[in-house]
Amino acid sequence: MATHSMIIPSPSSSSSSLATAASPFKETLPLFSRSLTFPRKSLFSQVRLRFFAEKHSQLDTSNGCATNFASLQDSGDQLTEEHVTKGESTLSITVVGASGDLAKKKIFPALFALFYEGCLPQDFSVFGYARTKLTHEELRDMISSTLTCRIDQREKCGDKMEQFLKRCFYHSGQYNSEEDFAELNKKLKEKEAGKISNRLYYLSIPPNIFVDVVRCASLRASSENGWTRVIVEKPFGRDSESSGELTRCLKQYLTEEQIFRIDHYLGKELVENLSVLRFSNLVFEPLWSRNYIRNVQLIFSEDFGTEGRGGYFDQYGIIRDIMQNHLLQILALFAMETPVSLDAEDIRSEKVKVLRSMKPLRLEDVVVGQYKGHNKGGKTYPGYTDDPTVPNHSLTPTFAAAAMFINNARWDGVPFLMKAGKALHTRGAEIRVQFRHVPGNLYKKSFATNLDNATNELVIRVQPDEGIYLRINNKVPGLGMRLDRSDLNLLYRSRYPREIPDAYERLLLDAIEGERRLFIRSDELDAAWDLFTPALKELEEKKIIPELYPYGSRGPVGAHYLASKYNVRWGDLGEA
């Protein structure tokens, strides 16, 4: 590759004097960004790596805390490939809370999958950080127990595993110790070997220690000449007030562009396909409004309980854990107007418009439940309060159903029903779109009195057995006139034999690239909490007793009354 030079113009004398007199920087250095765009080696589109060539300066925030100035330049502006010399940068990924279940079951396997697919830079390292005392080898043994060759069952990937594990290291330290993060910084620098260093921190830890870790990492272990980004796991607070305080504290050390708030449901294949289905198919786009859609249902169910994690779950409950984030994010994607472009900010701005068009959830539009012990098939299933980590008289809901409305021209009057619960009869997540009845309905008699059987329904199954199917009415072959419902379906496992990437793979890759489309912006988070906080406070202040439902059932009866209040029948009732 030919060598290209870049000329940085000198500032004018007037601007120079201003910088000297009033600049908050400890030293004034020219800064410029460079980026590389090249085709990915896998099913993903492109990998973009952004670097910064000069040493960073320190910028004091309003509270006097230093912020990594180089990473503030992480704007995504790109130059051409010719300005980048191959191999001049390195990527350091630090998983904070590396000994936890999320890291073992999701994050490390996702990083290995990206490595296997050739989506990580040539020069990268992975560090685990936690309080647990481990050696490098012990971390590698822990990681290797969770890695599989699921990406391509025909190929043994033992060699790839070994190569990946050699890039994995461990550092033990306290989450609030600047000294321990300074030691981590030394180890990162050893692996980076003087190259331009880009650093990604994944906070797989409880939210009450987010700020301590961000403070220590920002002050002691930020990149000095590249970008620094931080992935933050939900929950993002418990209500509007705590969420706002968490954001304010994080922004003492990070800019909004450095914070990647992850909701792994946004990385799921069918959720990402939602906008493609709508905006690239003329058959659906004209129907996507109150004129043709009768109701929309967002359903989430798990066929297991808290399984010993009740102590953690009891602090939040099902509304905060699932409804306020996963289901509301899907709702916003489903209902948003056509964005100006596929740029992250354009998409996120349209989602915010949807959330701001909604009225806060009313207590009369919420049903809460809690699973109780149940004997089935000779087996005893424990109730929620039977979990030893849960208080005996806990009122925390493990099930919730809610009706919400969007007050705009497209969706006025259309009920958006949400349902989420633990210890139900099945595991799944899906979006159900029930269309209006055909005007006149010539074949009404063929369906007797149950007009719900005549309703067209679009179902997008997020998990398991990902698929899309459209329920239509057709004539049963024969001499008589008998109608039946049939499914036009796209089952992913039948149509696409290739393994579907895990949501964490896509989201980690996007964070490395600086692609923010599937991450949550602070104003989006604020708008989401504003919708749920009033009802959550009422539930807790009035000590609303949840309706009990047996472990393994379809949930409390109250959910059906809520649906019928808006002339809706839950679409999943007819399925096993």
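Using N, Cα and C of the backbone, Cβ positions are placed for all residues, glycine too.
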One of Asp212, Asp321, Asp484 listed by Swiss-Prot as binding D-glucose 6-phosphate at the site of Lys234, His264, Tyr265, Leu266, Gly267, Lys268, Glu302, Lys422, Arg427, Gln463: Asp321
Which of Arg131, Arg199, Arg215 belongs with Gly97, Ala98, Ser99, Gly100, Asp101, Leu102, Ala103, Lys104, Lys234 in the NADP(+) 1 site listed by Swiss-Prot: Arg131
According to Swiss-Prot, which candidate in Arg320, Arg348, Arg554 joins Lys419, Arg432, Arg461, Tyr469, Leu470, Arg471 at the NADP(+) 2 site: Arg554
Distance from Ser99 (NADP(+) 1 binding site) back to Gln463 (D-glucose 6-phosphate binding site), taken between C-alpha atoms, in Å: 27
Reduced DSSP assignment, Glu302 (D-glucose 6-phosphate binding site): coil
Packing count at Arg131 (NADP(+) 1 binding site) (other Cβ atoms within 10 Å of its Cβ): 12
Rounded to the nearest Å - Cα separation of Leu470 (NADP(+) 2 binding site) and Ser99 (NADP(+) 1 binding site): 43
Position of peak Cβ density within 10 Å, selected from the recorded positions Ala103, Cys149, Cys157, Leu470: Ala103
Taking residues Lys234, His264, Tyr265, Leu266, Gly267, Lys268, Glu302, Asp321, Lys422, Arg427, Gln463, which bind D-glucose 6-phosphate in the record, the widest Cα spacing (Å, whole number): 22
Conformational class of Lys419 (NADP(+) 2 binding site) under the three-state DSSP mapping: strand
